[in-house]
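Annotation comment: TrEMBL describes A:35, A:69, A:150, A:183 as Mn(2+) 1 binding site. Among the features that TrEMBL reports, Ca(2+) binding site is placed at A:57, A:61, A:222, A:224, A:226. Summarising the annotation, TrEMBL assigns Mn(2+) 2 binding site to A:66.
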């Protein structure tokens, strides 16, 4: 069960309205790697957690914090939209096309649909959807998903930091960037703990290795012309799981035969073979 | 530019048709973490690569291999659908509801839409879409996305391995599981190289640390009742980036004020405040 | 069965082309609460209607009118796009960035995809989809959906009215706003009739009340800090269904236990509990 | 900012696993009118609220409760999936097709993707998306959306109640049905308060009535053959807003002319008129 | 403007309920090539038509007929769902898993969401969306889209014909199959007329041929190993547009150089090249 | 299996960066009829091909070429984004709103999400999805889909050609336009061969004609007021399949009765008929 306090986790007050920037900022609220994504991802990983209580608690701790990040960003966006399209500017439309241009950069749904409120959408107006998230039941896999989400997320917020010079907005973003710093470190720490406990780094660690086609499990196939990729640690030396050495295959060839599909039953009306054309 | 040979990278021949299993197998062809996802993700990371040639080559090497995985799985699914719904079985419908039940487990689009061919959809028939992928231009972030994709992908294929006992299908899956083993190791190796080269592990490493709110960058907030999470390496000790120690905050409080939003302009018809209700 | 006459239900002729406004106007054609939504929602409620003939007729009367609204808006949008991107303006691109800016405010698909025709999309280009609609078989529920759709719809058209001063466009919108006035009143009248006939206002009225957990059916839970909400008619006094008084619960507590999920079977490779970490 | 306690708002414990029912139950978790929808809708209405504090508080009170409903349903679904596909049943596959049939009724993603956890999807596996929600800034419109959501939601939960006889599941659902009873009443109470305060029932009440085409604002158009609909309160008598009488138009005719669209500029390659065919 | 008569264009009455078949039949109502698609595609092509009146009329004639096809299929589906899940069958659930299996083959939304009504979705429950349609303004392109839609549509209905032996359903489908026969012929006739009038068959016929890279405009590139494709009329002989002969290129080579992308600006935090790794 | 060479099939080098045009160009990369669509469509038709080897080879030849087109367009877009939003321009933001306007015309995801790389999205940022494609198993139907895709595709590229005057971009587009010329001719040639071989032009040609309602299979129904459409070859004369003459039905009437749906079972809570209202 959840409880809400009305104070924000941190400041969310721009110095000035900026509806064009509000549109861009939607990316880290309702985009693929926005705050709604991490909120939902961590909460569902928590709801579904069948592992130790400390992992369940970890997921709810960070997941619940992310609801507060959604709240902060929504508040920030609503304020960036204050008074837009502002009446004075509206009067200028016919005389100054540059102003209209700025207005043209708004997400029109901020005016027409949400009445100057934040939208659960990204910077091109595409609505958030749940396929942005994963809760697989395998925590090592999921913590890697979480680390990825925090990495892409911090990258996007950092880019947005450079796309404004509003000190209020930058203040909020500097908080979110710092929290993503914390969360990247925390998921890395959790990943290391699981890798050590499971004694392997290849997910799922409990799939019997003798059931995989071990002879191709450390090959690197050079399917793209040029050998630049042979000079990396992914193509030579001991693999990170310390089980085998990588093998660089310069001229990879097919191991399987050319497939031949049998005709479909007549009652499905596929084109039959051996048509006398 | 690309070239195709008709031989498959590996065998893709089930011992018996099994249209219900064909439906399930669609997950790792056209699902969130299926082969289309990694194919498109690596190719777009390659197309967009502005970094060293060896990374570009690495991306095209693995990306091009993934097109072959799409081909193998599509072939396997088409063969699992051979003769379905078979005429003999169809005649049994009225007399044996159990047969109809098995037929009922098919994806109906395998008959109606694709005429016994593979679909670019997942195991519930949801079509693949490009928001499953990321190519951010930041390779450390993207290689983490790739590691996540290979981890979730191998997990799903391993689960599917246990949901069949067809030796032909298991043969194909044992190959894919092994290749995902290779790719997990390879992305980990590439990640380690980038982390070493960039001298940091927090993406993006080049965002100036003094611009983030450093005082909260190593905090762990206990927002979910209970202290189980305090016993993990994410809540205490030196953070993985070796810059600070984690701080466990047992009773996190808001740092920001309660927000108050100003009224919207009248011409948007939002509900105004101070309504005499 | 349906018949078409080529005359429009009402005028749809702007005084001037305005491709940027055409983009905005798409919201009420192909958006969440646009005319396609109400057209499809009412028609499907009509197709599926298992209740009295007068409701079926009501649904087809209004649903068929809505097809004409789709037609009017599509016509209006096509005309707002006349000659865009106009050749003279195109020649100005390099010399006058403000003109380009206005062109930049167009939906590019209006030029590239539809060749200056209306799109079945909203104001950010997101395509209409059928999950915007509901036809549940329960008319009281559905008429509330219809009232909601007409309320959001009229709100959006009214906002769009204020975003233009083209007299032709305003003429068309004044018609649609009036029809939404009619339809709001009509759905309210139909709702009242059903509520009276069913003898209750809580949908579905025929679910046996003794099967619901009656002791919490009139509680208001104060889960968000602060008591401002205690001062409303939703938190005190006789409930609108006249069955009980609301109860304001200032400190709501959980009624259920802390959940514990059992481990998943090993063959699914979830992270097991009691991992020695 | 938000806080979490691990206890559930109410019991969520089925008497027996039932993976086929788990699939169905997903509808009210991640479907169009599921708990994720109301959670996100009320929270965004709260984040964006520019009206009186008591409405803001109301939205956060109910919105925060809905997060707990998401938690309960996710927990219930995870438990309905316990041990599925159970190993013993799996061994029966070849000998007893009826068991396989039951397994075939599962959502395959419950095994392959979530490892026996709840999904943020509906009963056909379609992922939740944010276009299910609305936060328009106009509270009268939005409270009607909320009333609709609670009406459709309670209807769906009531139907699901009848599709199981598991006493544990029915216990949970009886709680949710009761809370939807409360919320329907509460939104109705709030709607009445706003209608009284605004002095009108037609949203938006502040759009100047003289700007709408008043002469058609109370018409009922009989566009579908047959006069059954003339016998309802939507076609005759005083309209619910008490401003005019409805007018039943038996033979509605177009008020607008037949549209003629001018040709597109040649550089867009539309088919030109006056083609000599 | 549109008018409705309540009689159906043709019979839509199954001999028996069959909820599993109802699920399958949804494909040709709300799927990619279902009746909603052609209805919306032809109507939007009509709304947007800037060409001769006879084409506009043609589009409205067939488009309006398609609304009636939507109506027939929705009616047919509702009747196939009559009484499902029937109470008697429900009582058998625990004693006869085969019956439950049949029920398991239903689309659960037919019970939970629509209350035994048709859904605007396809056979896997995916909602119809407007990107299934095209109205480009170029009628030759669009009539080819229409011919494709009628071809895929008739194929799907024919497959569905073979998946049932209900004489009532087959009666309805035999009508739809015949109408698709008519429409395929009609679009072909219209295509031929346009090709003759425009004097070319390559869309858009008015793009100046000297602006295309004419030297590759009739090449066939053998990018897939094997020469089977050289034996078709697409690889040799005069091209259908009668302008040039096809040229079969056995060993196609790149005409362009290896691309090199310059680094991104530092403020976007892409991985820079020349990283000392 | 596939192989990659790093050289491009043709030049993809703009003379100047143009981020606004990059946004538009996304349409033919990741839109409904973009290069990803044809790539995926032809490859899946190839994977699933159960007909003659020459068709399978044809599909892989053109499908593999299309991967190279995806590569060229992605490269072109990345280069159009070089240095955007350029730092010097950024400094002008406050002093010159016109520059900001141009920047405002960018797809913000090109900066925030992809770091100046191409996106697998269209010109309004909507992600590519697999329902843009079809592989039905019936090659005559599918080749019509392919002809349609190449027609819409060439039309869109031709429009984009006219929306730029960058000689480098035009050079690339002139190549793509020529290849679409080739592919249109090639699919037409293949269609003609299949039509001749199958001895009919109505898909599927193998559905027994006596099972369709032959008496309506050549009717043209005048459901839209006005007789302009009677003057086309679709309404009179011998049908293109040479089997019957078209029949123009000036006043089409329903052949079916008015439908009446029986009530739903009480346990689904639909509104029952005969409600005493």
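Positions of Cβ are set from backbone N, Cα and C atoms, glycine also.
Overlay of TrEMBL feature records on the structure.
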residue	record	DSSP (3 states)
A:35	Mn(2+) 1 binding site	helix
A:57	Ca(2+) binding site	helix
A:66	Mn(2+) 2 binding site	helix
A:150	Mn(2+) 1 binding site	helix
A:183	Mn(2+) 1 binding site	helix
A:222	Ca(2+) binding site	coil
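Among the binding-site residues A:35, A:150, A:222, A:226, the ones with a Cβ under 8 Å from a Cβ of chain F are A:226. Here residue A:222 (Ca(2+) binding site) comes close to A:229, A:230, A:248, A:249, A:250, A:251, A:252: these same-chain residues lie at least six apart in sequence, with C-beta atoms under 8 angstroms from its C-beta.
Using a 10 angstroms CA-CA radius around residue A:35 (Mn(2+) 1 binding site), the binding-site residues that qualify from A:57, A:61, A:66, A:224, A:226 are A:66. Closest to residue A:150 (Mn(2+) 1 binding site) by Cα-Cα distance, out of the binding-site residues A:57, A:66, A:224, A:226, is A:66. Apart from the site residues A:35, A:69, A:150, A:183, the chain places the Cβ of A:38, A:62, A:65, A:66, A:149, A:153, A:176, A:179, A:180 no farther than 8 Å from the centroid of the site's Cβ atoms, the recorded Mn(2+) 1 location. Cβ-based neighbour count (10 Å, all protein chains) for residue A:35 (Mn(2+) 1 binding site) stands at 24. In sequence order, A:57, A:222, A:224 are the binding-site residues among A:35, A:57, A:66, A:69, A:222, A:224 whose C-beta falls under 8 Å from a C-beta of chain B. For the pair formed by residue A:226 (Ca(2+) binding site) and residue A:69 (Mn(2+) 1 binding site), distance between Cα atoms is given as 46 Å, rounded to the nearest Å.
Checked against residue A:69 (Mn(2+) 1 binding site), the binding-site residues A:57, A:61, A:224 differ in C-alpha distance, with A:61 being the nearest. In this structure the C-alpha atoms belonging to residue A:224 (Ca(2+) binding site) and residue A:183 (Mn(2+) 1 binding site) are separated by 36 Å.
Geometry remark: residue A:61 (Ca(2+) binding site) versus residue A:183 (Mn(2+) 1 binding site), CA distance 11 Å. Less than 8 angstroms from the CB of the residue listed as 'Mn(2+) 2 binding site' sit A:35, A:38, A:39, A:42, A:43, each of them six or more residues away in the same chain. Residue A:69 (Mn(2+) 1 binding site) is surrounded by 27 other CB atoms, counting those within 10 A of its CB over all protein chains shown. Sequence-distant neighbours of residue A:183 (Mn(2+) 1 binding site) (same chain, 6+ residues apart, CB-CB distance under 8 A): A:62, A:146, A:150.
Residues near residue A:57 (Ca(2+) binding site) in space but far in sequence (CB under 8 A, at least 6 apart, same chain): none are found.
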